[in-house]
Amino acid sequence: MAYSWDNRVKYVVRYMYDIDNNGYLDKNDFECLALRNTLIEGRGEFNSDAYANNQKIMSNLWNEIAELADFNKDGQVTVDEFKQAVQNLCCGKSFDGFPPCFKTVIGRLFKTIDINGDGLAGVDEYRLDCISRSAFSSVKEIDDAYAKLCTDDDKKAGGISLNRYQELYAQFISNPDEKCNAVYLFGPLKEVQ
């Protein structure tokens, strides 16, 4: 159940975008994401120009996501609305077929994971990304998930490139197969309540 399509989409809403933990997406989440991304990209340093840029990007993203997924136009995107939007707009498609706002979100997320800026998400960055959202008592659990996620080419390259990350993310939210390696993109999953 933890790797079912339904749970993966719930996971994305709950742990990736519902920053204020109120159970739905709204404008505030994207305002908080602007600050979060600015601080992560600056490795803790606050840059007002980068923040202004991130505010603009996240405001535009919220407006696009609200247009695509806020079906009842109440200023909130519930988990069910988000799932319906993903099903309508993403299921069965590769990254290239996704709406522009989804592509932007995925690219911005990769930037927050690639802490050292080398263009790859290595095991060290993967570990940090995983523990920022979930509790683990053993690094082996995280490392095993990374090993299942990576192909031989990823391992030779030293990590997951942006292009590979984009395709993995696309599979994570659009592929119903619980056994595809993309289900490990965000680490070992637990069932979202």
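Backbone N, Cα and C atoms are what each Cβ position is placed from, and that goes for glycine too.
Just so it is clear, the model here is predicted, and its values are computed rather than measured.
Residues within less than 8 Å, Cβ to Cβ, of N22 (Ca(2+) 1 binding site) and separated from it by at least 6 positions along the same chain comprise none. N22 (Ca(2+) 1 binding site) carries neither a helix nor a strand DSSP state and counts as coil. What Swiss-Prot records for D18, D20, N22, Y24, D29 is Ca(2+) 1 binding site, and it gives sequence analysis as the kind of evidence.
For D70, N72, D74, Q76, E81, the entry in Swiss-Prot reads Ca(2+) 2 binding site, with the evidence type sequence analysis. Long-range Cβ proximity for E81 (Ca(2+) 2 binding site), meaning a same-chain Cβ under 8 A and a gap of 6 or more residues, is found for A69, D70, F71, N72.
The feature Ca(2+) 3 binding site is assigned by Swiss-Prot to D114, N116, D118, E125. Taking a C-beta cut-off of under 8 Å and a sequence gap of six or more, D114 (Ca(2+) 3 binding site) has these contacts in its own chain: L120, A121, E125, L162. Under the three-state DSSP scheme, D114 (Ca(2+) 3 binding site) falls in the coil class.
Helix first, then strand, then coil: DSSP counts for the domain 'EF-hand 1' (16-40) stand at 16 helix, 1 strand, 8 coil. What Swiss-Prot lists as domain 'EF-hand 1' is 16-40.
Residues or ranges marked as domain 'EF-hand 2' by Swiss-Prot: 57-92. Per DSSP, the secondary structure of the domain 'EF-hand 2' (57-92) breaks down as 24 helix, 1 strand, 11 coil.
Beyond the ends of the domain 'EF-hand 3' (101-136), by six or more residues, the same chain brings 15-17, 36-37, 40-41, 43, 57, 60-61, 64-65, 68, 89-90, 95, 142-143, 145-146, 149, 157-162, 165-166, 169-170, 186-188, 190 to within a C-beta distance below 8 angstroms of the stretch. The domain 'EF-hand 3' annotation in Swiss-Prot covers 101-136, and the record cites sequence analysis as its basis.
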Rounded distance in angstrom between the Cα atoms of D18 (Ca(2+) 1 binding site) and N116 (Ca(2+) 3 binding site): 25
Intrachain neighbours beyond the domain 'EF-hand 2' (57-92), with Cβ under 8 angstroms and 6 or more residues off its ends: 6, 9-10, 12-14, 23-27, 29-31, 33-34, 37, 98-102, 104-105, 108, 170, 173-174, 176
Fewest-neighbour residue among binding-site residues, criterion Cβ within 10 Å, set N72, N116: N72
Cβ neighbours of D70 (Ca(2+) 2 binding site) where a neighbour is any other Cβ within 10 Å: 20
Other CB atoms, at most 10 A from the CB of E125 (Ca(2+) 3 binding site): 19
Residues satisfying Cβ distance under 8 Å from D20 (Ca(2+) 1 binding site), sequence separation of at least 6: N28, D29, C32
